[in-house]
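These features come from TrEMBL:
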DOMAIN    107-240  domain 'EamA'
SIGNAL    1-21  signal peptide
TRANSMEM  35-56  transmembrane segment
TRANSMEM  63-81  transmembrane segment
TRANSMEM  101-120  transmembrane segment
TRANSMEM  141-160  transmembrane segment
TRANSMEM  172-189  transmembrane segment
TRANSMEM  201-223  transmembrane segment
TRANSMEM  229-248  transmembrane segment
Amino acid sequence: MKNLVALVGFMLLYQLIQNLANLSLFSAQLANVNPGIITTIWSTNPLFSAIADAIFFKQTLKYFHYVGMFALIACGILISLRDIIYTQEAQPGAAPALPQILPAWVAVMSGIILTMCFTANQILCKHFKKEKQFDLNHLSYFTFGLSSMFLLVIAVVVWTNGSTQAFNPSSFLWGTLGSIINFVGKLCVQNAAANGPLGPAMAIVSTTSIFLIAVEVLFYNQILVLTDWIAIVLGLFGIFELIFPQVFEKL
């Protein structure tokens, strides 16, 4: 019974994270806070994860772990603050700024709470693997599969009860494909978190920012600025240091 309660709690935490991510960005819009501030807060997740890992599992890190981890955190911060560092003039005819509805601290706190939830999620993965001897693959199938079915039922109910937005098969298929890719990614993240030091594992996950830059350059003709290049160098250095630690152990 305790295991079932733990599994349901893990599933609810996963759903909370998904909703908090959207809520954080939406609250930033209502508070007229640059979304880069919120994503910068998110990028500190590896630091919180490393601290929690040391507290709950007595995980120790070597100096090159810290160097690689902070390099990747700096990479995420530089990318997140791009729009703040390089402020662009408002274009003629652009939509006026929305009135501030929420105080700025609400948006900031939502970002901090989400970061804490990220950390709690990975700590639970490690706990289930090390203390409860759970198979993380089965845990993932249960958590993500049941969550997806729950959301699908809600979507079907909304569509069949006079929703103003008609059902779009193309969007549904693309959304399903995205969910499958997300599931594979989450499965890899949970295994990395459960089987190794949590901070460096989460730092490597944060390199998604580099891949997003590559997509913007290739498909949207994004011009890289100085901070982008610095972030890419820091990110690649951090990845190399954490994936090939034997190179730095000899230093």
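Even glycines carry a Cβ here, placed using N, Cα and C.
Remember, TrEMBL labels are computer predictions, not curated facts.
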DSSP-assigned states of the domain 'EamA' (107-240) in counts, ordered helix, strand, coil: 111 helix, 0 strand, 23 coil
Same-chain residues near the transmembrane segment (35-56), Cβ under 8 Å, at least 6 residues beyond its ends: 24-25, 28-29, 69, 72-73, 76-77, 80-84, 107-108, 110-112, 114-116, 118-120, 122-123, 126-127, 193, 197-203, 206, 209
Cβ-Cβ under 8 Å with the transmembrane segment (141-160): same-chain residues at least 6 beyond its ends: 7, 10-11, 14-15, 166-167, 179, 183, 186
Cβ-Cβ under 8 Å with the transmembrane segment (63-81): same-chain residues at least 6 beyond its ends: 36-37, 39-40, 42-44, 46-47, 50, 197, 199-200, 203-204, 206-207, 209-210, 212-213, 227-228, 230-232, 234-235, 237-242, 245, 248-249, 251
Mean of pLDDT values spanning the domain 'EamA' (107-240): 81
